[in-house]
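Below: the structure, in structure tokens.
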Amino acid sequence: MKLKQRVVLLAILLVIFIFTKVFLIDNLDTSAANREDQRAFQRMLTGLRVALDPRLEHTLQSPWEIAAQWVVPREVYPEDTPELGAVMHAMTTKKIVKADVGYKGTQLKALLILEGGQKVVFKPKRYARDYIVEGEPYAGYDRHNAEVAAFHLDRILGFRRAPLVVGRFVNLRTEIKPVATEQLLGTFMTVGNNTCFYGKCYYCRETEPACADGDIMEGSVTLWLPDVWPLQKHRHPWGRTYREGKLARWEYDESYCDAVKKTSPYDSGPRLLDIIDTAIFDYLIGNADRHHYESFQDDEGASMLILLDNAKSFGNPALDERSILAPLYQCCIIRVSTWNRLNYLKNGVLKSALKTAMSHDPISPVLSDPHLDALDQRLLSILATVKQCTDQFGPDVVLVEDRMTLSHL
């Protein structure tokens, strides 16, 4: 063989060797990442049941101090939370030392201070579990049980971006009224034999109070995030106009996502992928009301989109509002870790996992069966949407690696 032919042959073999090595390394890396996603999923399933047990491993700390230390820029609580049950037990049993109106927002709520100085937001029961909220997907009062279910779905999806929520029964006469501010107390009334209040908010009306069963009111309590983590409010780029006949740009502009990608904080960092995660989360729970969202202040787009205020969810199990998924099908990108988790939840696993996660809540059963069934059906729609994207653009474009090492110091 001539020298020139030998050189060409060696060059070809070298190219093949390099290509093979790169291909194998990439596959090994991908397999390692997938294996870690699988292990994380199994850990989540193992820790699904949260028994409300008051015992703490760190007896020198209060449950409020433990929960405050969990918060970091990309998580509200860590993956490994052996004391989650103790914190939630405290949320549902600690004495209420002060009760006030919850001014911000459009819906009725109360701000409670629990023993030890911890703030929680109380949302009262307005509907029976099997009540169907008709009309627009954002219609009706807030659903307290939706907050509980959404928190546990956040755990199951592995996002860990929702503040802790648990159901609680309160006696309005003996627990709330004696410690209520004048502003809140002035909204109390009696309807028949039931104690009621209407609070103060944009849509709060004396003619539309929330009423207890006698004096006992069912509701949800959401743990207030630590004051050292102030929040910043942002307009959601896929928010609705809430005006009949007036469409938002994303509702008619097929290239809208391209414009979003050119604006801060969506032009770099994790925020756009957080928006897409949130669209998936909201579609599953039926929440079409995320017109704004919160992140931690001065984060330059690096912190997470916090999954606050999920109560406009689980209103109508028969309504699948596809427009909630617009960030996903318009941008056609999704985190690999989110994609893997969604696939692990197929074939009824999601319904079963959520039912198990909520089983120890004081207001269990949290959701009716039609809502649980709807979750599994909506999951299939999400998977089909991603497949359409991969068919059109290829998995290398659609499936995006975005793994961040988190520190709990």
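Each residue, glycine too, has its Cβ placed from N, Cα and C.
Here the structure is a predicted model, which means the values were calculated and not measured.
According to TrEMBL, the ATP binding site annotation covers Q107, K123, T222, L223, W224, L225, E294, D309. Sequence-distant neighbours of Q107 (ATP binding site) (same chain, six or more apart, CB under 8 Å from its CB) are K123, Y141, D142, C201, Y202, Y203, C204, A311, listed in sequence order.
Taken from TrEMBL, the feature Mn(2+) binding site applies to D142, D309. Counting only same-chain residues at least 6 apart in sequence, those with a Cβ under 8 Å from the Cβ of D309 (ATP binding site) are G105.
The domain 'FAM20 C-terminal' annotation in TrEMBL covers 188-397. Per-residue pLDDT, averaged over the domain 'FAM20 C-terminal' (188-397), rounds to 95.
Under 8 Å, Cβ to Cβ, and six or more positions away along its own chain, D289 (active site) finds P137, Y138, K312. What TrEMBL lists as active site is D289.
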Among D142, E294, the most crowded of the binding-site residues [Cβ within 10 Å]: D142
